[in-house]
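So that you can see what the record holds, here are the features copied from TrEMBL:
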- 36-162: domain 'VTT' (DOMAIN)
- 6-29: transmembrane segment (TRANSMEM)
- 41-62: transmembrane segment (TRANSMEM)
- 68-90: transmembrane segment (TRANSMEM)
- 142-165: transmembrane segment (TRANSMEM)
- 177-195: transmembrane segment (TRANSMEM)
């Protein structure tokens, strides 16, 4: 944990010292499955934008591009590394194991929309790239669904830092409430997809 905290502090210092290249590097690493919480990084980037260090629109576009490139790296690793890579990660981290178990269920039941929805939750947001690479999902479909999820997630967190500034307690409360709402939305979406699937299957049998 000390290593992660030290690494995070180094990344934050890099952002402050190198500007836009630092932002790109930080977000790229986070979406490349490095242990960097975007819940900390992105609001901090938004805070710096509110001080005039960055353009608000600029960091949203840059972070989204960095997220897509980092996700593509993980997709490629999953595509060519497959199950051995995922099994190795699961053996090193219980959190990764739980995330991959959830992702397997999501992908088996709901297919491509699971890529978009998984982008809105911690851990599954980054590990989804490895998972869909391993099952050889079409890259064009992967990047399309990822673009939607990554853009929404980045806008939410950067906006929190930009508009709420240093009110970290309020930001944490909003993120907690957001997680509850997001889970509820996920359940509703999956329920709707399951209903449509069962209805279609019933009609085909008739």
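Quick reminder: no glycine exception, Cβ is built from N, Cα and C everywhere.
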Subject >> Paired segments the transmembrane segment (41-62) and the transmembrane segment (68-90) in contact, 3+ CB pairs under 8 A >> reply: no
Original post:
Near the transmembrane segment (142-165), which same-chain residues lie under 8 Å Cβ to Cβ, leaving out any that are not at least 6 residues past its ends?
Top reply: 27, 31, 38-39, 42-50, 56, 59-60, 63-64, 67-68, 71-72, 75, 112-113, 115-120, 125, 128-129, 132-133, 171, 174-175, 178
Subject >> Spatial neighbours of the transmembrane segment (6-29) far in sequence, C-beta under 8 Å, 6+ residues away >> reply: 35-38, 40-42, 44-45, 48, 53-54, 58-59, 62-63, 65-67, 69-70, 154
Original post:
According to DSSP, how is the domain 'VTT' (36-162) divided among helix, strand and coil residues?
Top reply: 107 helix, 0 strand, 20 coil
Original post:
Taking all residues of the domain 'VTT' (36-162) together, what is their mean pLDDT?
Top reply: 83
